[in-house]
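Engineer: Grabbed the feature section from Swiss-Prot, which reads as follows:
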| type | residues | note |
| --- | --- | --- |
| MOD_RES | S203 | phosphoserine |
| MOD_RES | S221 | phosphoserine |
| REPEAT | 7-61 | repeat 'TPR 1' |
| REPEAT | 68-98 | repeat 'TPR 2' |
| REPEAT | 103-130 | repeat 'TPR 3' |
| REPEAT | 136-174 | repeat 'TPR 4' |
| REPEAT | 179-216 | repeat 'TPR 5' |
| REPEAT | 224-253 | repeat 'TPR 6' |
| MOTIF | 13-24 | motif 'Nuclear export signal' |
Amino acid sequence: MMADEEEEAKQVLQKLQELVDQLYCFRDSYFETHSVEDAGQKQQDVQEEMEKTLRQMEEVLGSVQVEAQALMLKGKALNVTPDYSPEAEVLLSKAVKLEPELVEAWNQLGEVYWKKGDVAAAHTCFSGALTHCKNKVSLQNLSMVLRQLQTDSGDEHSRHVMDSVRQAKLAVQMDVLDGRSWYILGNAYLSLYFNTGQNPKISQQALSAYAQAEKVDRKASSNPDLHLNRATLHKYEESYGEALEGFSQAATLDPAWPEPQQREQQLLEFLSRLTNLLASKGKTKPKKLQSMLGNLRPAHLGPCGDGRYQSATGQKVTLQLKPLSTLQPGVNSGTVVLGKVVFSLTTEEKVPFTFGLVDSDGPCYAVMVYNVVQSWGVLIGDSVAIPEPNLRHHQIQHKGKDYSFSSVRVETPLLLVVNGKPQNSSSQASATVASRPQCE
């Protein structure tokens, strides 16, 4: 190539790069130039901006021969929307064949495969890009892909989740001011939380990473997935006000995405049904309730009543039977409560299994049991003992509605004694987390 041709090609590439950068800036900074009310228009606006950019790129290219880099930039422009683009796949595949060291082409091609649903091919692209050059985009995307790879065993999936956290941490280390890296680290911790027995320390790390994403990058606050994923964690931790706020914000930012609105509505319906059932003690007639409570026996405490109960520290302790009304917020060590089931409530998500518990002292308390298999449950009239109950008082306000109730959180059905009997180990399952894979 002659010197002046080289210079022309260089200028053309520079102009193409500027056009693509402007396109991505339009998409990523959309809510800095538009109000949240325009959220429903965003995808259409981005699509139109992409078409305009592609026309401008064709004009700039003319008859100039600038192979791999130009193919990559055109493929990247086509890849700006959340949808899979076959044309982008063709252009980017050509680009990496012509110039295998072109890391950005590998990253873009990986994203195309990701949108196509070919997770294994996406993994190959991001891993391959890292062999050419360590870069934060490949690390971010590899973290994301590792959590979605098909595995033959739970152990293998756990290894992938741990590796996902490692890759996200490396991405953060490369640029602590990149909000996307912090957001993906939050998602990696979210998966780790559900994959390793819901350690509160890990949920705190997830929430901290999401907060850091918003702190270092204003655009992160406009990411509906961040709000939905964080709300999922808040809901599981029974921070219902924050969960509702997050679902609502995600729905506002992406009105075309039905899930946030559905999740907000489901949670509101759950809280409404629950508070109504608690207030009416499961609509149990006073005479029936009196008869049920009259059947409570010390024998119903099972291993919680004879000094054989083993606490979380592994020591055998004698538990003191106390009325539900005397419980303090938090874990009530050395205490056991015993009551009758007056209703049960399941949601579409099946987690938690919720039932109402009453003792002779009066008020009805919600008991929320986590990590249960679908076939497990308790029946109205069952006697249930809960050792060292973890109490929480809820005061929730959302969109003009108020919900107020008390609940006992039970991390596994294995802690419960039902009709004097400990629960079988087959009653326990582990929670999983679902997310929208194409939108990290």
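Note: Cβ is positioned from N, Cα and C throughout, glycine not excepted.
Since this is a predicted model, take the numbers as computed values, not measurements.
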Engineer: What is the number of other Cβ atoms found within 10 Å of the Cβ of S203 (phosphoserine)?
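Structural biologist: Within a 10 Å radius of the Cβ of S203 (phosphoserine) lie 19 other Cβ atoms.
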Engineer: Within the chain of S221 (phosphoserine), which residues six or more apart in sequence place their C-beta under 8 angstroms from its C-beta?
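Structural biologist: Within the chain, S221 (phosphoserine) has Cβ neighbours under 8 Å at E214.
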Engineer: Cβ under 8 Å, sequence separation of at least 6 from the ends of the repeat 'TPR 3' (103-130): give me the contacting residues as numbers and ranges.
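Structural biologist: Non-local partners: 68, 71-72, 75-76, 79, 82-85, 88-89, 92-93, 95-96, 137-139, 141-142, 144-146, 148-150, 437-438.
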Engineer: Do any residues, 6 or more residues outside the repeat 'TPR 5' (179-216), come within under 8 Å Cβ-to-Cβ of it, and if so which ones?
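Structural biologist: Cβ under 8 Å, 6 or more out: 136, 139-140, 143-144, 147, 157-158, 161-162, 164-165, 167-169, 171-172, 223, 225-226, 229-230, 232-233, 236-237, 370-371, 411, 430-433, 435, 440.
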Engineer: For S221 (phosphoserine), what is the secondary structure state per DSSP, taken as helix, strand or coil?
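Structural biologist: Assignment for S221 (phosphoserine) reads helix.
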